[in-house]
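Colleague: According to Swiss-Prot, the ATP binding site annotation covers LEU42, GLY43, ASP44, GLY45, ALA46, PHE47, GLY48, LYS49, VAL50, LYS65, on the basis of sequence analysis. The coiled coil feature in Swiss-Prot is assigned to 571-945; the stated evidence is sequence analysis. According to Swiss-Prot, the compositional bias 'Acidic residues' annotation covers 318-331. Here Swiss-Prot flags SER13, SER20, SER191, SER437, SER449, SER453, SER483, SER512, SER547 as phosphoserine, drawing on similarity to another entry. Residues annotated as phosphothreonine in Swiss-Prot: THR185. What Swiss-Prot records for 175-224 is region 'Activation segment', and it gives similarity to another entry as the kind of evidence.
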Amino acid sequence: MAFANFRRILRLSTFEKRKSREYEHVRRDLDPNEVWEIVGELGDGAFGKVYKAKNKETGALAAAKVIETNSEEELEDYIVEIEILATCDHPYIVKLLGAYYYDGKLWIMIEFCPGGAVDAIMLELDRGLTEPQIQVVCRQMLEALTFLHGKKIIHRDLKAGNVLMTLEGDIRLADFGVSAKNLKTLQKRDSFIGTPYWMAPEVVMCETMKDTPYDYKADIWSLGITLIEMAQIEPPHHELNPMRVLLKIAKSDPPTLLSPSKWSAEFRDFLKTALDKNPETRPSAAQLLEHPFVSSVTSNKALRELVAEAKAEVMEEIEDGRDEGDEEDAVEAASPLENHTRDSSEVSQLSIDADKLLKESPFTPPPPSQPQDGANGPSEPPGHGALPATSPLDVAPGNENGQAVPVPLRKFRPVSMGARIQVSEEKQAADQGGDLSPAASRSQKASQSRPNSSALETLRSELTNGSLELPTPGAQSLSKRDSDCGSVSTSGSTDFGTSLSADMSVNKESGSLSIKDSRLHNKTLKRTRKFVVDGVEVSITTSKIISEDEKKDEEMRFLRRQELRELRLLQKEEHRNQTQLSSKHELQLEQMHKRFEQEINAKKKFFDIELENLERQQKQQVEKMEQDHAVRRREEAKRIRLEQERDYAKFQEQLKLMKKEVKNEVEKLPRQQRKESMKQKMEEHTQKKQLLDRDFLAKQKEDLELAMKRITADNRREICDKERECLTRKQELLRDREAALWEMEEHHLQERHQLVKQQLKDQYFLQRHELLRKHEKEREQMQRYNQRMIEQLKVRQQQEKARLPKIQRSEGKTRMAMYKKSLHINGGGSAAEQREKIKQFSQQEEKRQKAERLQQQQKHENQMRDMLAQCESNMSELQQLQNEKCHLLIEHETQKLKALDESHNQNLKEWRDKLRPRKKALEEDLNQKKREQEMFFKMNEESECANPTSPNKVTKFFPYSSADAA
């Protein structure tokens, strides 16, 4: 069910099959086999094999990384690395010679560095770097980091395994497989990526918390850890497993050198400055270049000497260290191995993906010595071999006079593995048993670049006198950390204790261990290196006591490398899933914002259309009203004119009657008066007629004007009412529009919050899923580790059990011979008595041997019980750490969800608070428009009253002609 949910989270509804993209620095149309010739295999990385290739035209060498890529998505995982390599042209950064994608395989051609990686050189020489060598490496790394950080690139996986060497004594910073290329200078990252031992504290915190991202200052911390690694072969806390080392980095103080007195004050101060847990106060690479530790570096001679020594001709021979008097052991003569020249470039040449290479390792493990029948117990367990010894140098003539040039004794910092002890002058140190203290053991670790002779003499005397104590098994590391651990979020190195060595006896009262004589089972490997530095031929001879533990150490490193590859694959898949999920979330947000914008635009468009329709309807209605008004005025004017014409005709008839009456009155007068009276009366009638006619026409004109004004006023009132009605409807529409937009905004806020909340849940679901997968892989690796420990213990116990009868027979013969000799010397008693005494002694020996066998059986049972308890404790501790991490992730998810809800509620409250003034401003604007409309209507009415010649006057409709006037 969880896996189905996980697939659902990563599935996009709009995903289609991706088309092939064209990348600037990747060629798709060319078969790399036509350009490059494979001349050898360098190794097998986590994602593909690495070959040594030669350009067919120029003859240039390259390291070719060939990766199977089945899809465009997988190809995109490596594009960042290719782009970074292609854009970084710097003398201390490895160069990209080409990239090809052909026939489902990605070929990345990288500059070939013959010197190999620094960690491989340290393994080859069995010592760390000297301070002058560290200074040069540090200086060149800082210059490379300054260049990278200036291009907004974070390396994120700095360590000795990713620092390659050239024959000229320069470094090449490599492995950009987990690097980040930012778009902005101040951009930060929150990916939990890199190798645990070199991780900065702020990067460690990103495993479960993404709230504290990191920037390029994380590389400065990794640089400081890398310098400690170069000084001590191993990084700090290498004895811890990755789960615990992450907690150690996050909670403990910054690491320091194990033996500060062996190093200069400038080096210690540089480490203190670089290893600042606060990234804000941690200096940049450019600032560190001004530090006295590196500012005085002017030459790379120290690195040229280092590369020459690592690539020197090596003569190896094995000297048998067993007792010559061992009757049951065959004497093996020391046989010199064939001369060979080591090519350290064939080891860890390419640090891409940080998986160091297996097939051409610069450190060829010597053949393990077979377990021999010894008198003092079985062979040593893994991790308890002997340390190399140093011998004086052979100096060849190298000056102009042909005289021998005195060369000082080269000091070594050998690797300490368990109970290996550093000695000098090719002498084996463990002559007699003794107790070794943890402090003494730590003092002999490979952290001292220049051990003095007095310390060696003191150690030799302690071994001889049996006063040196061994560490307890629970505190002893099983094997060296694999320096080729690669770029993974976790590592397979462990800190769980090993069982007791078979070459050590247990003091059950004190609980201490004592070394038994292991010379019967160990051999001495002597190496002689010859190389030339500045015309001086130097010969260095080193000796190291070896045993079968060497092979077991190699097996342990190989198994750890396999485990780290598994974790690296998990991390790569996790990064791909995170990228897909982030892309999905970005697409969802983008689609949601587009949909929001479309919805808002659609809503605005709807209301805009409604407003437009309303305004158009209003305009049409007003135009129709005006047309109706004009028609009405014409009809009303026509009707009134007709009525006035009829009235005027009647008025004329009345005037005619009045004229007749005047005539009738005149005719009634005497004849002599008629003419004069008629003339007078007719003049009076004519004047009266004119006056009445003028008054009548004026009255008609006034009535017409009043009628027209009344009609115009009615029309204006109707239009004003219609305008008010339309404005009201328009404002209601605006209110509805704003209310719909506000409701949509609130809905969008809610929807966006729900989407972001779901995306956050998906993000944490993916984190939990990946964390559980990682935990499952860690438990699987822990189970395999525990099973290996149990199997090794069983094999060791079987060897002890098989060896004990031989030892008892040898001891029995010796004791019997000594007893018989003592009886013969004493000469007491008869032959029968001597036979009886011998018989009794034989019976006592049988009882003693039986008791030894029972004691051994009990010891084995106790060892197995302790081992099972230790394995169970290991699993419990791992489970507890994993549970704490899961609980922390769930707790952080709860806090993030709570903070997200609180932020949403706050945003919603702020939005609602801002909504009130928006509503108020809208109402004020609408009221202002109403007032402006009323003011406009009022001003129009006043102008009508003040302007009698207004177009709306009656004269507009009825111009009077001369006929009308007549």
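Every residue gets a Cβ built from N, Cα and C, even glycine.
Model, not experiment: these values are computed from the prediction.
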Colleague: Average the per-residue pLDDT over the coiled coil (571-945) and send me the rounded value.
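Modeller: The average pLDDT of the model in the coiled coil (571-945) works out to 87.
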Colleague: Would you mind listing, in sequence order, the residues at least six apart from GLY48 (ATP binding site) in the same chain with a Cβ closer than 8 Å to its Cβ?
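Modeller: Counting only residues 6 or more apart in sequence, the Cβ neighbours of GLY48 (ATP binding site) under 8 Å are LYS65, VAL66, ILE67, GLU68, LEU106.
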Colleague: Quick one: give me the count of other CB atoms within 10 A of the CB of LEU42 (ATP binding site).
Modeller: 25
Colleague: Around the Cβ of VAL50 (ATP binding site), how many other Cβ atoms lie within 10 Å? Please give the count over every shown protein chain.
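Modeller: So the Cβ neighbour count for VAL50 (ATP binding site) comes to 27.
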